[in-house]
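Student: Heads up, here are the entries from Swiss-Prot:
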- 1-402: region 'Carboxyphosphate synthetic domain' (REGION)
- Arg129, Arg169, Gly175, Gly176, Lys208, Val210, Glu215, Gly241, Ile242, His243, Gln285, Glu299: ATP 1 binding site (BINDING)
- 133-328: domain 'ATP-grasp 1' (DOMAIN)
- Gln285, Glu299: Mg(2+) 1 binding site (BINDING)
- Gln285, Glu299: Mn(2+) 1 binding site (BINDING)
- Glu299, Asn301: Mg(2+) 2 binding site (BINDING)
- Glu299, Asn301: Mn(2+) 2 binding site (BINDING)
- 403-542: region 'Oligomerization domain' (REGION)
- 543-945: region 'Carbamoyl phosphate synthetic domain' (REGION)
- 667-858: domain 'ATP-grasp 2' (DOMAIN)
- Arg703, Lys742, Leu744, Glu749, Gly774, Ile775, His776, Ser777, Gln817, Glu829: ATP 2 binding site (BINDING)
- Gln817, Glu829: Mn(2+) 3 binding site (BINDING)
- Gln817, Glu829: Mg(2+) 3 binding site (BINDING)
- Glu829, Asn831: Mn(2+) 4 binding site (BINDING)
- Glu829, Asn831: Mg(2+) 4 binding site (BINDING)
- 940-1101: domain 'MGS-like' (DOMAIN)
- 946-1105: region 'Allosteric domain' (REGION)
Amino acid sequence: MPKRDDIEKVLVIGSGPITIGQAAEFDYSGAQAIKALKSLGYRVVVINSNSATIMTDPEFSDAVYIEPLTIDFLEAVIEKERPDALLPTLGGQTALNLAVELFKKGVLCKYDVELIGVKPDTIEKAEDREQFKTAMKNCGLEVLESRLVSSVTEAMDVVREFGYPVVIRPSFTLGGSGGGIAYNLQELKAIVENGLIESPAHTVLIEKSVIGWKEYELEVMKDHEDNFIVVCSIENFDPMGIHTGDSVTVAPAQTLTDVEYQCMRNAARKALSAIGFDAGGCNIQFAVDTYTGKLVIIEMNPRVSRSSALASKATGYPIAKISALLAVGLRLDEIPNSITEQTTAAFEPSIDYVVVKMPRFQMEKFPGAEQKLGTQMKSVGEVMSIGRTFKEALGKAVRSLELDIAPKLDLRNMREHLANPTSERMSYIFAAFRNSLSVDEVHELTFINKWFLTEIEEIMNFEKVLRKKKPKDFGSLKKAKEFGFSDRELAEIYKVQEEEIRKIRHKLGVTPVYKMVDTCSAEFEAKTPYFYSTYNGMENETIPSKRRKIMVLGSGPNRIGQGIEFDYANVHAVWAFQEEGYEVIMVNSNPETVSTDYDISDKLYFEPLTTEDILEIAKIENPDGIVVSFGGQTPLRIARALEKEGLKILAANYELIDLTESRDRFAKFLKQSGLSVPPFSVARSIKEALRAAELIGFPVLIRPSYVLGGRAMAIVDHKKDLLSYISNASLISPDHPLIIDKFLENAVELDVDVISDGENVWIAGLMEQIEKAGIHSGDSACVLPPVSLSDDLIEKIEHLIYRLIKSLKIIGPANIQLAVKDDKVYVIELNLRASRTIPFVSKAIGIPVAKIAAKTIIGKKLSQLLLRYWPYSTKERLVKYEPARSGVLPTPWPEYYSVKEAIIPFNKFSGVDILLGPEMRSTGEVMGIGDDFAEAFAKAQLSADGISTKSLLVTVNDRDKREIVPLVSYLYDLGFEVFATAGTGKILRSMGIAVKNVFKVGEGKPDVVDLIRQGKIGFIVITQSPNRKTSAEINREAENSFADDERTAGYKIRTAAIQCKVPCITTIEAFRAEVSAIRRLKKSTLSVRSLQDIFYAQQNTLLKK
């Protein structure tokens, strides 16, 4: 069946910001699908609110709209673009929910838009828990006993029948949001209440518990002709009860018999038919009773999912690409397999290796959060590893996580930790076998399949054997590497340096070989160079070429501070080097990303980003240089070791990296260079820290070196706060000094992305943070161009940056953070790499910043590179292109405004206080573009938490009370209902605002929390008292969140707001911006414009000059 010719234009909905449960895998899927549709000649329109994505690059599609993912904005885009079809299966749960809403509201019918890939009734049947259960029963498949409820009372009735524990699953949600396992009435009430809020349908399924059963997933494909294949079987290492996103998973399934697998395969096919699935990829989850073999179907996702990305990378079968082609009418047997070039997509992949996916957690970023894992996902990222055996793949996965510090385990309560899994689950399992627990004992506590536990026991037993051997024992060393032990682990066992192990290995000839991922277990010759290492093989399948080569190091697992933005930069760097004729080798361990798509680079090595693994690849490939500038902190950390081993690091040598990453050295360098820095001191002990803080004067900012995302940074106001921080952080030592800076209160922070070619300097993006100093730039909203800087100040900033870049002799990208106070510019820090704001800046100015930065690294000159994009808008609206006298090339200054807003997953971590500080906690971002700041900010907020236009609650500290009066007064005049606590209400009332007083918690009923839960509050303005809390205090408050003392009153309001999805503003600056957005919304309807239209209009205006 040929492609459909009645369709010309297809609208693709993205998944929005990166958050827990919906991450970079949807950019990978979207980018693949867009490329596939374009290859068939279709026009493609994309709408997404997330600028940090390859799929929103204007070169990729015919029209890209970075707009809020709401029905109103989608309808506006549809009205303007008039697409023939809408493809909703590539944007996660967000896109599916929007597609259903567009259908129900008649928008698709009104504009004659066809839903392709999946039909509305199919989505309803798959996503509505009750409909799904009925459909499965009707086709003879067993499901878990369950009831759909819409109130706590109904849930209590169901539990009387089922008994505890029960699993609560909200409808139409992702990542298990709002769900959980209830073991008693108190937990039931709390989870059901939260689940009803999280569910768009306001229903939850109460399910009879099968905690401890084995969990499996099948990734399947189906076309219009009912051809069906299984792409990959995936087995969860952890049993039912832990969200699959938080579980270690293994592909292919290891403990299924062939009979069980065929039974599961047939069930999957029946399930697709039962819900009327049209064409594309689908993920189906099963549970199997370990003792009886009973099989039940848990749920299905009628779309490309997180597991689809994993299955694609695990097998080499591009699920998203083929899903898009099936959606427009092709059959599986009409789509060629691009890896073999001999088979078609109708051939089921066959793999002769084992893949392990391991989640990456960052619980330390959310003090006070529930640590126990359950049905609500908590991991922020993941890694994938490939080995010839489970043991080897497991070892590679563990080192891919890049965990710098071994967790402190509570071995005295080890059994309790095994029975109640946390993010440290795997460490406790290793510890259990080190402490001689048997497989049966660990199985009884964890319900993990004995096959997996036996494999781990064998690894731990062999570790004991190694401790009795010498490192030069060939047999032991060879077996250790086959079992997945890293050189670093062996060095710790033998009490020698890692370099010593490497030398012994090479001398004894114990080195890895590289095998190809080919979809067919070598049955056909593969054309695509996609490799993994193994010590369980003889033949090397990678053949190095004689071309000029560059090796690009990826960013590893997504984590807070190092997310999709760095993969975006890496992909652009790869394309830039390829354009200049280089063969590009990509090394990365993250299955969610575009960079690990096999057709992005010339060669892909799916390997851990460690010194050991990079050196082994370099030994074979012999690259001309290694690029560490685009992968965040991960590549920078190993640059020294790579350089020491003779590899050439392009653009940044270790000495320069160490100077900029070492807080004390860099601060001293700035001072010696005559550049302004806040007063500071270096402390190597608690005594020195206390003395330094007293000399500088409180408040002070405390910063360790070599951290990303503000890890372990804090602002402290008093001596007791400082002592609390140091004892809690355990970071200070002679080898790990802390920098104590004077905290610049009320300073304006600037984020600057800059590129240098060694001669000229180009400020690509000058961004102003909306919140004042003290909040990490990754968590603060920012605007480009700045809105409050004078011309003189801008000139001063440009001159300062030029001096700094030239004095450090930087070539390539850098990110500089500045603070402006009383018209004085202070340098806060410099990062010798591309920053997380690169994608945002690229979309804001219409120039691919990462590409330009990459080309300067290989000797290209900025003046020539930027000429291609001239004229671009500058502050002076220049018509002639030439460097300024200072050597600073014209800084882009768009005629429109762009705002970046952070997305923080507080809803996933109940009990966490939402107050922001110098340690980053956001996982993603959204972007708003408008003619003025107010419009851009309004769009950014609509993309994030939304904007309320009905009522607000105000409770602020004494210092902020006068500042809020005109802001609240304006909203009151617009018709907002204003609630306030006593002190704030008194000030507002004295200024003529009719305020409704509310009780604080513990002062009377109904109190402020009651009003929030009753839905009477649209948004909240609550500012922190001048006495800031340290992370230790926030942690203690969270653990004691039911106390009624005054200290926890604000905490209770903020946590209630998160639970009830009420936007909560915690700074005056953000409130001021929110009011400007509300004013703009009241004034007129917000427009929608594609990036192509924006850039074309701006360039046209300039050319007319």
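Glycine is no exception: its Cβ is also placed from the backbone N, Cα and C atoms.
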Student: To which of the binding-site residues Arg129, Lys208, Arg703, His776 does the lowest count of other Cβ atoms within 10 Å belong?
Tutor: Lys208
Student: Would you mind reading off the Cα separation of Ile242 (ATP 1 binding site) from Asn831 (Mn(2+) 4 binding site), to the nearest angstrom?
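Tutor: So the Cα of Asn831 (Mn(2+) 4 binding site) lies 38 Å away from that of Ile242 (ATP 1 binding site).
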Student: What does the DSSP secondary structure composition of the region 'Oligomerization domain' (403-542) look like, as residue counts for helix, strand and coil?
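Tutor: The region 'Oligomerization domain' (403-542) comes out at 72 helix, 10 strand, 58 coil.
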Student: Hey, what's the widest CA-to-CA gap across Arg703, Lys742, Leu744, Glu749, Gly774, Ile775, His776, Ser777, Gln817, Glu829, the ATP 2 contacts in the record, in Å?
Tutor: 18
Student: Tell me whether Glu215 (ATP 1 binding site) sits in a helix, a strand or coil according to DSSP.
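Tutor: For Glu215 (ATP 1 binding site) - judged by DSSP and reduced to three states - the answer is strand.
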Student: Tell me the coarse DSSP state (helix, strand, coil) of Gly774 (ATP 2 binding site).
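Tutor: Note: Gly774 (ATP 2 binding site) is coil by DSSP, not helix or strand.
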Student: Averaged over the domain 'ATP-grasp 1' (133-328), what pLDDT does the predicted model reach?
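Tutor: On average, pLDDT over the domain 'ATP-grasp 1' (133-328) sits at 91.
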Student: Can you give me the Cα-Cα distance between Glu299 (Mg(2+) 1 binding site) and Gln285 (ATP 1 binding site) in Å, rounded to a whole number?
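Tutor: Their Cα atoms are separated by 5 Å.
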Student: Under DSSP, is Ile242 (ATP 1 binding site) helix, strand or coil?
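Tutor: Looking at the DSSP assignment, Ile242 (ATP 1 binding site) belongs to neither helix nor strand, so coil.
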Student: Just the number: how many Å between the Cα atoms of Leu744 (ATP 2 binding site) and Glu829 (Mn(2+) 3 binding site)?
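Tutor: Cα to Cα, Leu744 (ATP 2 binding site) and Glu829 (Mn(2+) 3 binding site) are separated by 14 Å.
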Student: Could you work out which of the binding-site residues (Gln285, Asn301) has its C-beta surrounded by the smallest number of other C-beta atoms within 10 A?
Tutor: Gln285
Student: Measuring Cα to Cα, how many angstrom lie between Asn831 (Mn(2+) 4 binding site) and Lys208 (ATP 1 binding site)?
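Tutor: Counting only the Cα atoms, the answer is 52 Å.
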Student: Rounded to the nearest Å, what's the C-alpha distance separating Arg129 (ATP 1 binding site) and Asn301 (Mg(2+) 2 binding site)? Just drop the number here, would you?
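Tutor: Asn301 (Mg(2+) 2 binding site) has its Cα 12 Å from the Cα of Arg129 (ATP 1 binding site).
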